[in-house]
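Novice: Below, the features straight out of TrEMBL:
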TRANSMEM  16-41  transmembrane segment
TRANSMEM  47-71  transmembrane segment
TRANSMEM  91-109  transmembrane segment
TRANSMEM  121-140  transmembrane segment
TRANSMEM  147-166  transmembrane segment
TRANSMEM  178-203  transmembrane segment
TRANSMEM  215-237  transmembrane segment
TRANSMEM  257-279  transmembrane segment
TRANSMEM  286-307  transmembrane segment
TRANSMEM  313-332  transmembrane segment
Amino acid sequence: MAEGSEARKEITMKRVVLMINCILLATGATGGPLVIRLYFIHGGSRVWISSFLQAAGFPIILIPLFISYIIRRRSIVDSSKLKIITMKLPLFVASAILGILTGLDNYLYSYGVARLPVSTSTLIVASQLAFTAIFGFFMVKQKFTPYSVNAIVLLTLAAGILALNTKGDRPAGESSKTYMMGFALTIIAAILYGFILPLVELVYKKTKQPITYSLVLEIQVVMCFFASLFCIVGMFINNDLKVISTEGRHFGLGEATYYVILVVSAMVWQINFLGAIGVIFCASSLLSGIVIALMVPVTEVLAIVFYKETFKAEKGVSVVLSIWGFVSYFYGEFKQAREFERNHTIGNELSQKISSVDP
């Protein structure tokens with residue numbers, strides 16, 4: 001009975017942590033594109049700076065890491081053997097490679113957001129779900145249920161409906177060549193991000209040390225550090241560091257607001273990243289992709305509210321399909337969890353009957 005109670009507590013705690021990370025991911029996936037678009041709408045033009053901001057907020061992760069260290073130190077008798085950093089070299093190398101790939105993906109994404117309207121660039125976020133499902137199937141043997149397949153189809157269809165709204169949406173003054181380049185790079189970004197999510201899950205499974213949430217935070221710090229480093233190199237090559245002050249002075253909303261947007265952007269994207277790897281840790285890369293895809297029509301609606309974009313019928317249908325797909329996935333997870341608990345209870349009852357019969 002005690003073991004069953006402990007198991008239920010562990011499952012409940014994991015669900016709470018999963019829900020918190022889903023909220024973090026939803027917040028970042030919605031706020032990130034809006035803030036970055038605000039930067040470009042009002043005079044920002046540096047793609048490498050925007051890419052850098054998507055990973056540069058990682059120092060704030062040091063706060064929960066320090067708190068985790070204090071908790072671990074108080075919970076053991078011999079604190080002298082406790083290490084501040086638990087990550088081993090093979091995991092560090094894997095995290096560094098993931099970070100460089102993330103930096104490249106950040107650049108591709110920022111280039112697309114700079115050249116395309118929100119209704120088009122959000123396809124980056126939505127279409128990655130199909131690629132996440134495909135790569136997840138081959139890389140981590142992702143298991144599919146009728147409910148998860150239904151969710152993937154509905155959310156991908158929602159993204160496709162949004163694509164119907166992109167015809168003739170090329171911004172004024174932008175050449176056809178630049179527009180097509182932005183569109184092509186957004187597709188590549190979607191494919192790469194769909195590859196990165198299951199790759200993170202694969203690293204979790206293949207590492208030879210126990211994966212704790214504290215270690216997950218360490219992985220995020222290393223990934224974001226190398227992603228930032230990748231973008232800093234690009235900023236130096238493009239001379240972006242020399243023009244930040246000039247861009248700030250000529251920013252449409254004022255110089256002070258310019259720097260506020262840069263800071264807020266870094267924080268929001270870090271929340272997004274923290275939520276993504278947290279969801280992968282608690283559940284799977286597929287669920288992470290589903291939460292991101294769900295937020296695409298929400299971002300569309302918020303763009304209508306804040307940026308006065310038009311709300312057409314396609315966007316309304318997309319919102320309904322996304323909610324339907326999200327509910328479908330979680331209904332399937334709920335049924336699976338109930339089935340697991342029922343089988344676990346039956347197993348315990350059988351064990352008790354057998355033990356009572358034995359002399």
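The backbone N, Cα and C atoms fix where each Cβ goes, glycine too.
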Novice: I need to check the long-range neighbours of the transmembrane segment (47-71): which residues 6 or more away from its ends have a CB within less than 8 Å of a CB in the stretch?
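Specialist: Same-chain residues near the transmembrane segment (47-71) but 6 or more away: 32, 36, 39-40, 82, 84, 99, 102-103, 106-107, 109-111, 113-114, 213-214, 217-218, 220-221, 223-225, 227-228, 231-232, 234-235, 238, 240, 244, 262, 265-267, 269-270, 273-274.
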Novice: With Cβ-Cβ distances below 8 Å as the criterion, list the same-chain residues six or more beyond the ends of the transmembrane segment (313-332) that contact it, or say none.
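Specialist: Hits for the transmembrane segment (313-332): 119, 145-148, 150-155, 157-159, 161-162, 164-165, 287, 290-291, 293-294, 296-298, 300-301, 304.
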Novice: Can you find at least 3 Cβ pairs under 8 Å between the transmembrane segment (91-109) and the transmembrane segment (178-203), where each pair is 6 or more residues apart in sequence?
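Specialist: Answer yes, regions in contact.
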Novice: Between 16-41, 178-203, 286-307, who has the most Cβ pairs under 8 Å to the transmembrane segment (257-279)?
Specialist: 16-41
Novice: Any contact between the transmembrane segment (121-140) and the transmembrane segment (215-237), i.e. 3 or more CB pairs below 8 Å with pairs at least 6 residues apart?
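Specialist: Not in contact, no.
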Novice: Can you name the far-off residues of the same chain, 6+ from the ends of the transmembrane segment (215-237), with a Cβ under 8 Å from a Cβ of it?
Specialist: 46, 48-49, 51-52, 54-58, 61-62, 64-65, 68, 85-87, 91-92, 95-96, 98-100, 102-104, 106-107, 200, 203, 209, 270, 273-274, 277-278, 281
